[in-house]
Amino acid sequence: MTLKDWGYRVLPGLKWLHGYSGQDAVADLIAGVTVGLTVLPQGLAYATLAGLEPQYGLYSAFVGGIIYAMLGSCRQVTIGPTALLALMTSRHTGLGLGSGPAYAILLCLISGVVELGMAVLKLGALVDLISLPVTVGFTSATAVIIGTSQLKGLLGLRGGSGSDFINTMRSVFGNLHQVRRGDFTLGLVSIVVLLVLRKLKDVKLDGRLRSLRAQQLVSGSIWVIATGRNALVVLVTSVLAYNTCDQMDSCPYILTGKVKSGLPSLALPKFETTILDRNGTETTQNLEQMLSELGPSMLILPIIAVLGNVAISKAFGGAGLSPTRELVALSMSNICGAFCSSMPVTGSFSRSAVNHASGVRTPLGGCYTSVLVLLALGLLAPYFQYIPKAALSAVIISAVIFMIEFEVIRPLWRCSRRELLPGAITFVLSLAVGVEIGLLLGVGADVAFLVYRAARPVLSVSKLQTRNGINYILIRPKHSSLYFPAIEWVRSGISKALATHGTAPVVLDCAHVHDFDFTAARGMGSLKKELAKANVPLFLMSAHKDIGVILKESTNIDFPTIDCPDDLEPILEQSETCFACSTV
């Protein structure tokens with residue numbers, strides 16, 4: 001292996017630099033700046049959603065872009081904070097004092113380590129265990145939880161927004177008398193404007209303007225406004241708040257507050273922190289207690305991050321991408337981000353879509369986004385304090401409402417109503433108990449259905465006759481494998497068939513059966529002996545030779561076989577003759 005090949009293997013992003021042209025750089029710059037204008041307001045909003053100070057959202061937005069540019073394989077993917085991971089992080093950031101950032105950063109590091117372990121063990125395929133209905137139920141529930149968690153900011157109610165749907169709604173309805181008119185009006189107008197601008201990009205100008213150049217100019221302007229709508233709304237509302245609050249003693253809006261300026265310090269995550277216990281006393285927690293507090297989130301959050309990132313990569317890059325390579329890129333983004341005070345990150349579908357629509361050519365577009373975020377941290381942070389919280393809440397709500405996937409229900413109801421149950425379980429329990437429990441029980445319900453199908457295979461039972469009038473019972477399993485949970489079901493099915501149709505030779509059609517396990521093979525041996533005592537012959541038809549070997553080695557019994565349906569009649573006649581001779 002040459003040094004060049006070794007370099008490409010360690011840092012796949014170097015391939016993008018080979019032949020990187022000025023046109024590529026300009027395209028990536030435009031896309032990177034466009035994504036940056038999207039991630040700046042989202043980063044501030046998602047940090048607030050996670051229960052952290054706003055600057056942590058920006059700390060989380062620049063490391064992933066640089067790391068993924070070097071290690072990733074899909075040019076459209078952008079790595080950074082997302083609403084879903086922010087929601088899951090918020091479950092551990094409300095213990096008071098400086099424990100919020102400590103828990104978020106530690107969770108980021110642990111997520112990266114878990115994802116790296118999954119990459120080393122090539123466990124990316126584990127996300128395939130989460131079916132589409134469960135995924136839809138999970139994302140829809142989290143969208144509802146995220147949206148309701150922002151009602152306080154939208155209505156101008158004081159207090160943090162938690163990740164518990166029921167308690168959040170109880171708190172909101174219990175404090176409706178404290179709604180601030182200025183925040184509510186500003187938030188509602190912001191949502192309407194964001195939704196209108198979102199639809200603006202669908203406007204077609206074909207034939208409305210005579211000049212092609214004018215048409216291109218107007219279309220480009222509309223696209224820029226629609227794509228940068230979040231930044232535009234935040235900018236306008238911030239200017240409004242600055243002018244209003246600078247002239248009035250009492251500001252009509254709740255503002256974000258001071259955002260720490262400058263870059264994050266490069267340091268190890270804290271493995272010890274201080275919290276406020278229930279009595280309001282400061283209590284020091286060591287690493288073991290912190291890990292106990294994080295609990296299942298240390299496994300579930302990385303799996304959710306991997307699920308989202310792989311899904312985005314496949315959506316934009318096709319099925320040829322390597323899940324392992326994506327896992328490595330995502331894991332290193334979290335591990336390196338933890339040293340820069342980042343909360344957990346993953347691929348963002350909305351920002352990746354913006355990246356794609358902006359004409360990005362290589363993953364290096366993420367580097368330009370990172371530079372813009374760093375410039376904002378260094379130069380614009382003092383002005384972020386004037387951003388109204390209602391505007392940030394509007395940005396989050398207008399983004400997550402499209403995560404609720406109602407359109408999947410109708411086709412599922414028409415073609416597979418059974419699959420609605422795991423999705424419904426995931427959705428309801430995620431709202432009632434928590435997203436982690438809801439996801440686990442939804443996956444558990446899906447796995448239970450798979451186990452049930454394996455344990456109770458569909459058996460087609462028919463009593464047929466050959467051309468010469470010989471009766472036989474044909475048993476045709478519709479599954480490709482017979483494992484130990486199913487063998488008693490098959491034996492019971494054959495017994496019921498004999499009781500229903502009378503004594504006759506039993507033919508087990510194995511044309512679609514390709515595998516037996518040891519327990520099932522031994523069960524078939526016991527069934528053969530039971531039927532032999534009742535003078536009922538058992539035949540295997542169209543059985544693969546591997547099945548014959550398994551049965552022979554497991555039971556030491558030679559099962560009579562029928563190679564194909566054309567051989568059925570002579571073998572049954574021979575069997576009937578032998579049976580008649582044995583009874584004389």
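Backbone N, Cα and C atoms are what each Cβ position is placed from, and that goes for glycine too.
Just so you know, TrEMBL annotations are computer predictions that nobody has curated.
Copied over from TrEMBL:
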- 480-547: domain 'STAS' (DOMAIN)
- 25-44: transmembrane segment (TRANSMEM)
- 56-74: transmembrane segment (TRANSMEM)
- 95-114: transmembrane segment (TRANSMEM)
- 126-148: transmembrane segment (TRANSMEM)
- 184-200: transmembrane segment (TRANSMEM)
- 220-242: transmembrane segment (TRANSMEM)
- 299-321: transmembrane segment (TRANSMEM)
- 327-345: transmembrane segment (TRANSMEM)
- 366-384: transmembrane segment (TRANSMEM)
- 390-408: transmembrane segment (TRANSMEM)
- 420-452: transmembrane segment (TRANSMEM)
Contact yes or no, the transmembrane segment (366-384) and the transmembrane segment (184-200), 3+ Cβ pairs under 8 Å, gap 6+: no
Query: Which of 56-74, 95-114, 184-200, 327-345, 390-408 shares the most C-beta pairs under 8 angstroms with the transmembrane segment (25-44)?
result: 56-74
Query: Ranking 184-200, 220-242, 327-345, 390-408, 420-452 by Cβ pairs under 8 Å to the transmembrane segment (126-148), which is first?
result: 420-452
Statement: Residues in the domain 'STAS' (480-547) per DSSP class, helix first, strand next, coil last, are 34 helix, 12 strand, 22 coil
- prompt: So, do the transmembrane segment (184-200) and the transmembrane segment (390-408) meet, by the test of 3 or more Cβ pairs under 8 Å (sequence gap 6 or more)?
  reply: yes
Query: Who are the long-range neighbours of the transmembrane segment (327-345) in its own chain, taking Cβ under 8 Å and residues 6 or more past its ends?
result: 47, 50, 52, 56-57, 59-60, 62-64, 67-68, 71-73, 79-82, 85-86, 88-89, 101, 104-109, 111-116, 118-119, 124, 264-269, 301-302, 305-306, 309-310
Beyond the flanks of the transmembrane segment (95-114) by at least 6 residues, Cβ under 8 Å: 50-53, 56, 60, 89, 269-271, 273-276, 282, 285, 290, 293-294, 297-299, 301-302, 305, 330-338, 341-345
